[in-house]
Amino acid sequence: MASSTALICDTEAWKDLKGHVEDIKKTHLRDLMSDANRCQSMMMEFDGLLLDYSRQRATVETMDKLLNLAKASQLTEKISRMFNGEHINSTENRSVLHVALRAPKDAVIKADGMNVVPEVWNVLDKIKEFSDKIRSGSWVGATGKPLKDVIAIGIGGSFLGPLFVHTALQTDPEALESAKGRQLRFLANIDPVDVARNISGLNPETTLVVVVSKTFTTAETMLNARTLREWITAALGASAVAKHMVAVSTNLALVEKFGIDPNNAFAFWDWVGGRYSVCSAVGVLPLSLQYGFSMVEKFLKGASSIDQHFQSTPFEKNIPVLLGLLSVWNVSFLGYPARAILPYSQALEKFAPHIQQVSMESNGKGVSIDGLPLPFETGEIDFGEPGTNGQHSFYQLIHQGRVIPCDFIGIVKSQQPVYLKGEVVSNHDELMSNFFAQPDALAYGKTPEQLQKENVSENLIPHKTFSGNRPSLSLLLPELTAYNVGQLLAIYEHRVAVQGFVWGINSFDQWGVELGKVLATQVRKQLHSSRTQGTAPEGFNYSTTTLLKRYLETSSEPQM
């Protein structure tokens, strides 16, 4: 299907929603929430998950109009094109097939006419075999000791996604048992402090390093890889590198040149974007080393269950589609630029940072997929913290400052339940009391009249008034197992894609990260010249020159 040069904002469906905004401005969530039929229609269940979006500033009519917008944007066709392996990442001429990474063995998903699923499972089987060897102790380090500690080196999607999943599983009873005696750490930043923190307390003799870089040229990752190679070599000799370092890469020549056995390189493909790569060897290898492949396979099955739901469910009952349309409504029509992701689960503390990248790198675009400047805003500013920590941090602004739509994520069954004798409720019930209360506090607020009835002094009434009418949605998961973690990941991945499909942008490239890299190269050359030859900074503006001079004059870096 050829792309259309028309912008979505030129369609009747978009204009209809623009006019509808005036109707919504006349409503308040206090009134909308009193309509039980409306609320019931805004609850969706799938596979034990419950989505409640009744606290969105939307009516049944709004949802009908958003579904018309989906039709106008050719959303059905765009989803099909993604699953069919068409090159929907047009600026890089690539398919977008992260769904193939978690597809069942008998599935058929094609890229350039070839079924990629067998290739995916070849890598998964190789990961299972390798991780079993490491975990069983049949593969040992250079001094004959088992490798019980893993450092995964990667940046961006090679780090944020796997870290989110690792953190979510750390306290799951089954995962906890399977990881007994093992450690998994992630090294991302080129700041030497990150290196120091990662190797602190570790013995090179028992450490395996996983270097994640598709091209094996990523500047930050390769500098950290060389640093850890030096750490291993200094302790165990150069020959130990092949026993203590493996790669996730497709550049076997550079892998071998680095000192890693190419047989210990695990592939992934051009049709996997970095921020969508957690289900590839990028995430599956380090997670399998920590928890065992069978645990990670449950995670993949959870993600796959949402893939199938997304592909086959009518839009009015399709969780990622509904979430994506509501985000478009909040950003492009109601004018809310941000979104708070608020999981009431400490195990999900790294979820918001991961989705921040998935969302903002995907949809932070200013032109259409055809290169036309967009006359409307796309993307959201995503941030978040687990509840109840966030309540004591930034909820003040959410309640009485700017309006920020919120995603509340709750878990029915705690990974680590605690009930203290004499307490009114369990620790988890105390947490969930806040999960249920906060959305209503945002929706209903508190009026001056209510405060007067409570005999609040007149001078405090303006300060204690809550306007309410602040949108949120609630997603309730039955528990937080590897399967549920996979579901949660896929829901948000597809939600982000839906937003991009509707806006008519390319959610799968990231040219915005390139310019800074180019400028950093110029600075790097200057620093080298200044350190080795004493040359003064030149060719920069006054501000950068002044900053560079101060840095060079006062830094304690050794002369090279």
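In case you wondered, yes, glycine gets a Cβ from its N, Cα and C as well.
Feature list (source: Swiss-Prot):
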ACT_SITE  Glu361  active site, proton donor
ACT_SITE  His392  active site
ACT_SITE  Lys517  active site
MOD_RES   Ala2  N-acetylalanine
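On the structure: features taken from Swiss-Prot.
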{"residue": "Glu361", "record": "active site, proton donor", "CB count, 10 Å": "22"}
{"residue": "His392", "record": "active site", "CB count, 10 Å": "10"}
{"residue": "Lys517", "record": "active site", "CB count, 10 Å": "9"}
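Calculated from their C-alpha atoms, the gap between Lys517 (active site) and His392 (active site) amounts to 37 Å. It is 28 Å from the Cα atom of Glu361 (active site, proton donor) to that of His392 (active site).
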